[in-house]
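Okay, so here's the structure we're looking at.
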Amino acid sequence: MFNFQILRHFSKRQLKSFSLNISQKDAKIMLNIVKHNNMPLIFIKGDCVGGLAELLALDQKGVLDSWLAKHDYDLAVIGGGSGGLAAAKEAARLNKKVVCLDFVKPSTMGTTWGLGGTCVNVGCIPKKLMHQAALLGESIKDAKKFGWTIPEGRITFNWQELIKGVQDHIASLNWGYRVQLRERSVTYVNAYASFTGFHEISAVNKKGKIEKITADRFLIATGLRPRFPDVPGAKECCISSDDLFSLPYNPGKTLCVGASYISLECAGFLNGLGNDVTVMVRSILLRGFDQDLAEKIRKIMLEQGVKFVPAVPVKYERIQEPTDSKPGVVRVYTERILEDGTKETVTDEFNTVLMAIGRDAVTDDLGLDTINVERSKTGKIIGRREQSISCPYVYAIGDVLSGCPELTPVAIQAGRVLMRRIFTGNSELTEYDSIPTTVFTPLEYGCCGLSEEKAIELYGKDNINVYHNKFIPLEYTVPERTEKDHCYCKLVCLKNQQDLVLGYHILAPNAGEITQGFAIAFKFIM
């Protein structure tokens, strides 16, 4: 009945169509791939529309005519970060005509960067390099015990040299991505894209020149940008991680606002590089991570000299402007609740204030309402798998996809797998469960699977076993490091399934490298 109605609808419009009967087993597999509940399913140009009701709704909005028309490209990728680039290159490998649009809106401090997205320019890459710079400082202290002769006097650190080295490396990566796109015949457009029609985008470059581009499919991979609170002076006086890694001067006495991993990572390496650092938090650290480990990280960082202040900034005031070689001064007004419940306002002055309270999806100015793309309250695109639930020819990957882990390797894998699925019919799906991650605090925290809190929430406290152990890394023994009791490992297990491991957590040097092996083990038991 439904098949007949669907075919008749296409026939009325003189559109070529056909139906295919499949077994219940194959139907179950198909429904899982597209994440729909019922058959029959309608596909147009390989994109799953849903059923008859969804088809009629799209036709009523005038989508079908545009969808079936001839377009400039098979795929338009909006966003030149790790996920978008991986998808663009994979689609091109599959002989599709691809355009990749990337444009960086300046930060509140005017910072911009090249092709490659957050991870390469203002995220993972520079963060890990600065983390390594701080670790080298610790290694120099240990070197004497390992037989090295260290010149007498204070060993000095040069911020400008570090920034130059980091930025030179990033520039080489930016250029490498441009070359890769050219070698794969992907058209690169350095312009800001927004939808002006169902299959049309308007690309505006930095000179204001507008180019109209049409495509069969669109992939949104625009990522996230730092959030600033609605507090007087926040945008005028504070920097974000978008600015820190190219800052021309040493930030000096620094306030990191927020309890996120970005805040703690930056606080950790800035302290390790010799700066006076304070972290200001409203409540718990590392929300969503295991709180046992979060508390251990707080204690370690306290011992290393990082200060933690439970307060909320209510105003920022610029006292002295920074120069190219010297930070300025910012006065911070904070509100604290005393033991008797009363509030007091306290002021302090810092050379630099780093805002790290969270990140927002870059979707507000893409014209998504024009093509009826549904978004969550946080602006992320709501999808079935990676396909928009309301606009079948629009897809999203990476941080901008609602419910997706905000991790670069996940976006890269999702981009490649998605391209193979929509262009070749491959049934492989990206797995978003039990993804390993690392917080690059001075002592790294690696984890995979559930936190103890989440495991208890899902299975009940009586059904959970927790095994933990402290250990001393070999490299700590010769220099007789005082923090020997800091390294820690923890397994969260399910009692009634022979202690099936639900979560793995480790606090140790090189925890990120260690965790990868355990992540493979997780895949075998899932």
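Easy rule for this one: first residue shown is 1, then count along the chain.
For all residues, glycine too, the Cβ spot is worked out from N, Cα and C.
If you look up TrEMBL, you'll see 73-415 marked as domain 'FAD/NAD(P)-binding'.
The Cβ of C124 (disulfide bond) has 18 neighbouring Cβ atoms from other residues within 10 Å, across all protein chains displayed. Taken from TrEMBL, the feature disulfide bond covers C119-C124.
The Cβ of D399 (FAD binding site) lies under 8 Å from the Cβ of T118, G223, L224, R359, A361, E406, A411, each of which sits 6+ residues away along the same chain. DSSP assigns D399 (FAD binding site) to a helix. The feature FAD binding site is assigned by TrEMBL to K128, D399.
What TrEMBL lists as NAD(+) binding site is G258, A259, S260, Y261, I262, S263, L264, E265, G358. Following the DSSP three-state reduction, the secondary structure of L264 (NAD(+) binding site) is helix.
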Cα separation, K128 (FAD binding site) to S260 (NAD(+) binding site) (Å, whole number): 16
Spatial separation of C119 (disulfide bond) from K128 (FAD binding site) - C-alpha basis, Å: 10
Most Cβ neighbours inside 10 Å, all chains, among the binding-site residues G258, G358: G258
Cβ-centroid neighbours of NAD(+) site G258, A259, S260, Y261, I262, S263, L264, E265, G358, 8 Å, sequence order: C256, C266, L286, A356, I357
Largest CA-to-CA spread of NAD(+) binders G258, A259, S260, Y261, I262, S263, L264, E265, G358, angstrom: 14
Least buried by Cβ count (within 10 Å) of the recorded positions C119, K128, S260, I262, L264: K128
